[in-house]
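The structure under discussion appears below in the form of structure tokens.
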Amino acid sequence: MGSLTALLEGFATAAQPEYLLYALLGVTLGTAVGVLPGIGPAMTVALLLPLTYTLEPTAALIIFAGIYYGGMYGGSTTSILLNTPGESSSIVTALEGNRMARAGRGAAALATAAIGSFVAGTIATILLTALAPTIADLAVTLGPADYVALMVVAFTTVAALLGSSPARGLAALGLGLFLGLVGTDTLSGQQRFTLGVSTLADGIDVVVVAVGVFAVGEALYVASRLRHGPVEVVPVGGRWFTREFWSRSWKPWLRGTFIGFPVGTVPAGGADVSTFLSYAAEKKLSKHPEEFGKGAIEGVAGPEAANNAAAAGVLVPLLTLGLPTTATAAVIVAAFQSYGIQPGPLLFTDNSGMVWALIASLYIGNVMLLVLNLPLVRIWVKVLQIPRPYLYAGILLFAALGTYAVNFVVDDLIVLLVIGVAGFFMRRHGYPVAPLVVGLILGPMAEEQVRRTLQISEGDLTALVASPFAAATYGVLAVVLVVATVVRVRGSHRSRALASPPSVK
Amino acid sequence: MIVERIEEYVFGGLVTALGVFTLVDATTITARGTAGTVGPRAFPYAVGALLVVTGVAAIVATAKGKLGQAAKAADAADADTGLRTDWPTVAKLVAVLVAHLALIDVVGWPVAAVVLFAGAAWTLGAVWWKALAVAVVLALVVQVVFASGLGLSLPAGVLEGVPLLDG
């Protein structure tokens, strides 16, 4: 069956009113959490994981993918109107976007972010549609050792590229791997690190960890340094539908797309890196370099396109290899697993109906997001103004509720609190939390594959690097690490230089 | 700043300590009949080693003056990194969470939820009676949605037997 026929069938499924509603729910929630500082798509998907007990897989995954895409749209609104990013992938947007808003061109900034997100999201989804089945076909031939290689790539890149230093990123990964060890070993049936506590024998639930670090840890961190007083939102001003708007925006949109998508597909830190690259490219190519730092529209259009394209790119390794490269993708893997489905090359043959409906819903979700974020943007401005005491109290309440609702036992809340406090100190000291979540979810999978490989090879360790694919992967990893480190150092220099605004007092 | 540096040492030390614990505790995992293959101990050894190495590396980085906090400038929207850490607020929030989890089995979820929300909002600066009013409404709405809509029943506790609230 050709991909096109499969995609059309996917549309037939996704266009049913029921699924349209699920997609709308997903993208609306996603935009809301994208707009609200302090909560992101990873935590929201984690909180909604219990939905997998009641909803069928297609419906749940459509909601989760909608949240993921929506988060990328919503983050820009906060960046532009508050000068503080709603999501880490919108840090760059705050540089130029907020200057534009303060200069009375907020409408143009919001419009170029929304339309750019739509253009990039759609093109990147087309690329995903074209590439994913081919990659899945190739990936079917991969053995356990090859998977180990891919997971090692995911571990090292996620851990080494995030956070304030590689040591801290890898430590966070180690903490996640440790949490993944707690419980009963699947292959031998032995209990590990359970301290004799019966709650821990089943392992620590992904929901509890993700909610603990993202919601409780983050809320405690913000509370420790809460900016008091009312939230100051820059009023949206100016017109956007002008000739200059289009002529200065369309090229950055396309460039952002083609920077973001490849960066998303390789495990190199996800959307954040792509925004830095795009910003640097726009600044270099612009005919108005003097405007950068004072509100250049290209500096909003490019990065906002790039982060959406990267979000679609992340879905390529997720769907074809089962390899999550961001925290949100890791939590989505957990959702697949709770249905007993292993995302990976077999997804396109064993669950093709579901996966194509999911892809089709991404196209539909993008259209919905354009409507939600362009004509309806003023609603989100209201959401931004929720008084912070209530916002963070609500985050804590729903974090506790989501955790409690997994098993209805108070013990889970104790684990949540412990992990939340640990998350607070990680946040405080520059330990990134994404590697922890990726380690928790990928760790047990990696262990199983390693042990399977060594079972076949009867303990011969060279089996791990014997296949050409695995050997090549480790080689590429070395190269990527070097290149990405260089890019990151440059990117953070740029953003830091620009992030200190000339004080307007 | 000196306090924060000590904290960083402590955190790095804790990571190292967890690594040591992992290595030691891994020796007690029963591994039977796994000769020639990798048993349930190998991965814990690797994770323990990773934690020890990275914990020590973090301590070394701190000693060299590379603090974790310095790099985190622009990413938390509502947090003002220029402010001093408000420890009483953090302690109060933790206390409110402890109260919540201790109260669920005693007085039921709705009351425990009111304590959590109102307590947290008040701690963060909301007017107490407004926080309380919002908390009561929110807790009741969630309780009704769970009881009637999702078919999952949160323990009603003291409100047991009340129509709509007791699923």
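Backbone N, Cα and C define each Cβ position, glycine as well.
Remember, predicted model here, so these are calculated numbers, not experimental data.
As annotated by TrEMBL, transmembrane segment applies to A:20-39 (among others).
Feature annotation from TrEMBL assigns domain 'DUF112' to A:20-437.
According to TrEMBL, the feature transmembrane segment maps to A:45-69 (among others).
Residues or ranges marked as transmembrane segment by TrEMBL: A:107-132 (among others). Non-local neighbours of the transmembrane segment (A:107-132) in the same chain are 3, 7, 69, 72-73, 76-77, 80-81, 93, 96-97, 100-101, 236-242, 245, 249, 252-254, 256-257, 260-261, 264-265, 295, 297, 300-302, 304-313, 315-316, 319-320, 348, 359, 362-363, 366-367, 369-370, 373-374, 377; each lies 6+ residues outside the stretch with a CB under 8 Å from one of its CB atoms.
What TrEMBL records for A:144-163 (among others) is transmembrane segment.
As annotated by TrEMBL, transmembrane segment applies to A:170-188 (among others).
Outside the transmembrane segment (A:200-223), and at least 6 residues removed from its termini, the chain residues within Cβ reach (under 8 Å) are 37-40, 42-43, 46-47, 49-50, 176, 179-180, 182-184, 191, 193-194, 327, 331, 334, 388, 392, 395-396, 398-399, 402-403, 406-407, 412, 415-424, 426-428, 433, 436-437, 440-441. Per TrEMBL, the feature transmembrane segment maps to A:200-223 (among others).
For the transmembrane segment (A:314-336), same-chain residues at least 6 beyond its ends with a Cβ under 8 Å from one of its own Cβ atoms are 40-42, 45-46, 49, 52, 57, 60-61, 64-65, 67-68, 71, 128, 131-132, 135-136, 139, 142, 147, 150-151, 153-154, 157-158, 206, 210, 214, 264-268, 270-271, 342-345, 347-348, 355, 362, 433-434, 437-438, 440-442, 445. Annotated transmembrane segment per TrEMBL: A:314-336 (among others), in sequence order.
Feature annotation from TrEMBL assigns transmembrane segment to A:356-381 (among others).
For the transmembrane segment (A:393-426), same-chain residues at least 6 beyond its ends with a Cβ under 8 Å from one of its own Cβ atoms are 38-39, 43, 46-50, 172, 175, 179, 199, 204-205, 207-209, 211-221, 224, 432-433, 436. If you look up TrEMBL, you'll see A:393-426 (among others) marked as transmembrane segment.
The annotation transmembrane segment is assigned in TrEMBL to A:461-487 (among others). Tertiary proximity for the transmembrane segment (A:461-487) is limited to same-chain residues at least six positions away from its ends with a CB under 8 Å from its CB atoms, namely 142-143, 145-146, 148-150, 152-153, 156-157, 160-161, 266, 268-269, 273, 276-277, 450, 453-454.
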Cβ pairs under 8 Å between the transmembrane segment (A:20-39) and the transmembrane segment (A:144-163), at least three: no
Contact ranking winner - A:45-69, A:144-163, A:170-188 against the transmembrane segment (A:356-381), Cβ under 8 Å: A:45-69
PLDDT averaged over the residues of the domain 'DUF112' (A:20-437): 87
Surrounding residues of the transmembrane segment (A:170-188) on its own chain - C-beta under 8 Å, 6+ positions past either end: 155, 158-160, 163, 194, 200-204, 209, 419, 422, 426, 431-444, 448, 451
